[in-house]
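A.B. asks: Here it is, the structure, as structure tokens.
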């Protein structure tokens, strides 16, 4: 009753709504104007006019109305007879990317006028832009290469200008940017280098369009080792709840295609599809050995998981993981698979079943019956039941598993058609808890199409995906009813085809009608040309207008093949070759195409698979997506009144909805909408459901695009060569080039559409995946399929040896030869003799043997190095002809690749502790010769043969630093302050060489690269509040450091002149610093001061404030800035207090203040402080420097005067900077006094151009560069330098303009020995002698108490041979309350490596800020050390056995007071035992 009452109410509403139309549509003109709901600028659009039953001449106009005014789309159109006509128009580009405008349609005659205004969306046609990187994942320090591709919607190249392109790291820091990037022929290639320690995680490349739209591309940065092999897990896609066994196959294959020997562990876990730890209900594990094909198949019994019982409780699935452990190396890699659990053993897929039916037109159903694997099931009975139509039927599936039905819809009285398809028989299970076996069944519900006269048209299409450039035939079925048909002689059906939001095709079909018929039924075929412009989706609307004004229509969506007009092919000839050989690459494409080439090691893609660049990916780009626009207001058809809140009884589909789904809007006075105002939610129409799952899609084409069967087709094989290749001579392969990206290049194909390149194959034995992306002005984009190239040798040799040994130790060198040929090989293995080592074969006759097919063999030598330094080991494996058989086979050798040679370097180090002394002098000669003597002495305990020395000459004061800007100090760079020593000196070098006009492109490129890398690294240490600290924010728990933030601020501000620095980093740092300023103008300290020299002045606050003021002024802030002005007031007050308190204990603070006042232009205060400092200067040997009165005392017994400490170098350099910053220029007196300090500073330089630590290096190089620029002379002076011994050695160097920056060097032969250095001619030279040697570890009075033990202590435990624990105890015993930051450097025993996880755990301790692990040592960064003992321990394990193990050294030192150092040594618990080598 309720249903009938509601239906009557809706029908009554409909009748009322239609009363006004009755008089209008009897004899009056009928209009329908179809327009895309979304219009694009600068491209031809169409508006289609349909004027029917026209009884007067009318004028048609169309206008777009916006805030900028009214624009006519076309000239007035005068029509005097029935017409269907489409008019083209073009809209000019909008100032914004899109806007809603009003489209006004007017059709006006003498008697009648039709006018309607609707809202349309007008959009600028955006370019299609994407980014391609050379690979999806990068390691720290690698170069990221990428190309920007720009096309129009037709995929033709654009020369587009992008205002900005930039890189964002995981913290959204902009680390690199390019401005005004322009594509040429649609392509632009860019690159940038990652720092050695970047933030790891996802990065973004962002391309900003002129419209403001951003296109993004992601890549990953992380530390990783490329997988040598991949693991493929083969499992069924699905099983049924009735299955008891799952077959799991795991196969491991090297990247060069050969099977992996080893073991596999298979884990099968049951749970719901999320597989979180909470939803796993159980796992089973199986272990097995891989067979000769690298595979293992396991039958896993799954009855314990009770699938039938659990099916109703949760959606079940299995996750399978297989971990393969490679034999010999222990390397592990994994693969995984997933298995769905289904209720039945087979299921139905609906391939055809429309969402709506039409009374009087057959309803077509096509299903495919598939098994649990998705394979079709032929010759099986399929039954169908449609109770609403009184229809039942049965048929048998064909060879493709298909069953077809046609349901008569004449007898359907309801608004819905419910269909049930089942296999064999209907399920007897009524309740959901039934566990009896079920057969496949599926349900589908279709709803009626609305027509007042019960007239319909239906488009029937078979194809799933339409191929390009072909004719597609669409069958149209129609039935027309009603009295109005009696007056018709013919009826015309009109159709439109839409794609990419525009009307592409229109046409019509005329059907003749016999007079007096009350029902007309028939069908006809329409042929639709499939054009490229229709890719990827086309929509077709067909309609006709009946005499009474009723419109009947249907629409259909076509999936069009994602084809590209530019046919690109890439191939290699040959497609398999030896490493380092030549191969021929051929690319074909449309003539004059610009092609981007790429070839990547398959191992990279195994590590991180990426979406392959394909037509599907291109057509899925945002710029290629098409969407319908539905106005939010001003749509007369959308303004529906509310009705009663009940579930609608009808889900009928009307013409209005067909029009809207096609992407059109209709301006009309015809009947196109369902005559009811009841609130019907069309978007919730339920559709057919394959098996049990509910599918709510409304797309008819969905059934055609369902994946049915995944069939792997065999790859095409290369045709066999007709002629055998000629025999090559023995080609020896020496492999040392192992890139991850082999090819990344742009090439242009010639007028014939071909380009050919000769390529050198890298040395990696792997499979390379290559592809080409080409753009043509004529045919647009083209993509090649992936081409494979296999770099492979029939056999090759691998060496196993330690990273380094100490002289006197012995180790076993192993050479393993792997044969991947199906035949045995007579093999000869040779270790090249050398005077640098002795080698004894472990086995007799091991240099010649028969290597079996697909086998491996290891030859070993007991090696004892004799020389120090880098020792080369060269091992060759050669397949040689043999007259006799090889095993049971005839001896054969390969045609190519018969010899493989591998060269590896071993570092042989002397015993004891390394010592280095540097003797530097700035020598300036005039007319007379200038000379000085130098005695190179050695302590009596020097390690034999460890002494070496060299003499260097440079014509420029910064030559050494310029050459070694990334190695200025031989110390770790693991914190935010130390990183800046890699950054700031490059600024001073660039400024200096620029000012002196000595800057070359090579030096500039190198310095800019270092600046960019340092900039990236420093952002690792930034906090969210804009500050910086030594080790970053530690997940938000760390505190920003005031001093370091000021240092970074000034460095970034100065670097802006050379590289991109995101201004926000400078602003953030300044804002944070300003918040640390007190009312007095001084700055409060935040975070720990790693360098205690900052505490050596009046107090922390004044010294710190002087440093920050200096940093702000060096950042180009004026002294009138409020923050700077207040800071200077703080310094002025502090200086007055220092003056009143007397001199003597504030040297460091005064040096900083003098420079700060000089920068501020306060010459008076600068001069006062310099005068005070002059009284405290230490003047000796024609040099001037300053020292702290309370500096740490140095140990006695030094053979040479030790290098000055960091603080002394800093303060002396600050005095130089203060003198050279005099306004308007330094006086001759300033330069003369500075010269004395510069002489002292140069004597403190180390052999790399740096000083003892980081801050002194930065400040001193700043002072040296400014002094060098102030005194630089372009005169043609050519001094010569001679170094000679007291014996026969003599070497002369000439210094002139051409080699001024060149570092000239010679080794000194006599140590110990006396040498004389003489300079003649005119000019200054920088001379430096470096002496290095080793001494045994001796007992001393160190600044640190250091105790090192091993656990176990002795070799009682057999495990002590392979791994043991190192335990350290450290405390400070120096003259200060606490040290600065301390480094503990633990060197590894030869053949041992640290267990990284046990080292990284130490970072959880409060006093360990950072750890660094390499093959040869472990570094621990300690904030500071007091007299309280700190304890640490970690585990090391044996990698390569070594005999006669020597002790390893542990060094603990103050980072800023490097003379405060302690040494200890440790040995393996079993070092006294005979090792198995």
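Numbers run from 1 along the shown chain.
Just so it is clear, glycine is given a Cβ too, placed from its N, Cα and C backbone atoms.
Features from Swiss-Prot:
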- 1-24: signal peptide (SIGNAL)
- 48-86: disulfide bond (DISULFID)
- 247: N-linked glycosylation site (CARBOHYD)
- 251-295: disulfide bond (DISULFID)
- 269-283: disulfide bond (DISULFID)
- 301: N-linked glycosylation site (CARBOHYD)
- 321: N-linked glycosylation site (CARBOHYD)
- 393: N-linked glycosylation site (CARBOHYD)
- 468-563: disulfide bond (DISULFID)
- 508: N-linked glycosylation site (CARBOHYD)
- 595-774: disulfide bond (DISULFID)
- 601-750: region 'Bait region (approximate)' (REGION)
- 643-678: disulfide bond (DISULFID)
- 750: N-linked glycosylation site (CARBOHYD)
- 777: N-linked glycosylation site (CARBOHYD)
- 850-886: disulfide bond (DISULFID)
- 872: N-linked glycosylation site (CARBOHYD)
- 924-1324: disulfide bond (DISULFID)
- 994: N-linked glycosylation site (CARBOHYD)
- 1082-1130: disulfide bond (DISULFID)
- 1143: N-linked glycosylation site (CARBOHYD)
- 1314: N-linked glycosylation site (CARBOHYD)
- 1355-1470: disulfide bond (DISULFID)
- 1427: N-linked glycosylation site (CARBOHYD)
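Relative to the rest of the structure, where do these features sit?
C.D. replies: Under DSSP, residue 48 (disulfide bond) is assigned to a strand (E or B) in the three-state scheme.
Neighbour list (residue 247 (N-linked glycosylation site), Cβ cut-off 8 Å, at least 6 residues apart, same chain): 235, 236, 297, 298, 299, 300.
Its Cβ placed at the centre, residue 251 (disulfide bond) has 23 other Cβ atoms within 10 Å.
Its Cβ taken as reference, residue 283 (disulfide bond) is surrounded by 13 other Cβ atoms within 10 Å in the chains shown.
In the three-state DSSP assignment, the secondary structure recorded for residue 301 (N-linked glycosylation site) is strand. In the shown protein chains, 10 other C-beta atoms lie within 10 A of the C-beta of residue 301 (N-linked glycosylation site).
The Cβ neighbour count for residue 321 (N-linked glycosylation site), using a 10 Å radius over every protein chain in view, is 18.
In the three-state DSSP scheme, residue 393 (N-linked glycosylation site) falls into the strand class.
A coil conformation is recorded for residue 468 (disulfide bond) in the three-state DSSP classification, outside any helix or strand. Cβ environment of residue 468 (disulfide bond): 530, 531, 532, 535, 560, 561, 563 lie under 8 Å away, each six or more residues apart in the same chain.
Under DSSP, residue 508 (N-linked glycosylation site) is assigned to a strand (E or B) in the three-state scheme. Note: residue 508 (N-linked glycosylation site) has non-local neighbours 84, 492, 493, 494, 495, i.e. same-chain residues 6+ apart with C-beta under 8 A of its own C-beta.
Sequence-distant neighbours of residue 774 (disulfide bond) (same chain, 6+ residues apart, CB-CB distance under 8 A): 566, 568, 587, 589, 590, 593, 594, 595, 596, 749, 781, 782, 783, 784.
Residues belonging to the region 'Bait region (approximate)' (601-750) score a mean pLDDT of 61 in the model.
Under a cutoff of 8 A between CB atoms, and with a sequence separation of 6+ in the same chain, the neighbours of residue 750 (N-linked glycosylation site) are 591, 592.
Sequence-distant contacts (6 or more apart, same chain, Cβ under 8 Å) of residue 777 (N-linked glycosylation site) comprise 156, 157, 185, 592.
Every protein chain considered, the tally of other Cβ atoms within 10 Å of the Cβ of residue 886 (disulfide bond) stands at 21.
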A.B. asks: Please report the DSSP secondary structure of residue 994 (N-linked glycosylation site), reduced to three states.
C.D. replies: helix
A.B. asks: Rounded to the nearest Å, what's the C-alpha distance separating residue 886 (disulfide bond) and residue 393 (N-linked glycosylation site)? Just drop the number here, would you?
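C.D. replies: Taking the Cα atoms only, residue 886 (disulfide bond) lies 71 Å from residue 393 (N-linked glycosylation site).
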A.B. asks: Considering the glycosylation sites 393, 1427, which residue's Cβ sits among the greatest number of other Cβ atoms within 10 Å?
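C.D. replies: It comes out as 393.
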A.B. asks: Where residue 1130 (disulfide bond) and residue 1427 (N-linked glycosylation site) are concerned, what is their Cα separation in Å, rounded?
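C.D. replies: Spelling it out, the Cα of residue 1130 (disulfide bond) and the Cα of residue 1427 (N-linked glycosylation site) are 36 Å apart.
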A.B. asks: If we check Cα distances from residue 850 (disulfide bond), which of the disulfide-bonded residues 251, 924, 1082, 1324 wins as closest?
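C.D. replies: Nearest in space to residue 850 (disulfide bond), counting only the disulfide-bonded residues, is 251.
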A.B. asks: Report, in whole Å, the straight Cα-to-Cα distance of residue 86 (disulfide bond) from residue 1427 (N-linked glycosylation site).
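C.D. replies: That comes out at 92 Å between the alpha carbons.
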A.B. asks: To the nearest whole angstrom, state the Cα distance for the pair residue 1082 (disulfide bond) and residue 1324 (disulfide bond).
C.D. replies: 43
A.B. asks: Across all the protein chains here, work out how many other Cβ atoms are within 10 Å of the Cβ of residue 872 (N-linked glycosylation site).
C.D. replies: 12
A.B. asks: Given the disulfide-bonded residues 269, 295, 595, 924, 1082, which one's Cβ is surrounded by the fewest other Cβ atoms within 10 Å?
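C.D. replies: The disulfide-bonded residues 269, 295, 595, 924, 1082 were compared, and 924 has the fewest Cβ atoms within 10 Å.
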A.B. asks: Quick one: of 563, 850, which of the disulfide-bonded residues has the smallest count of other CB atoms within 10 A?
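C.D. replies: Result for the disulfide-bonded residues 563, 850: minimum number of other Cβ atoms within 10 Å at 563.
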A.B. asks: Taking only the recorded positions 269, 321, 393, which one has a CA atom nearest to the CA atom of residue 1324 (disulfide bond)?
C.D. replies: 321
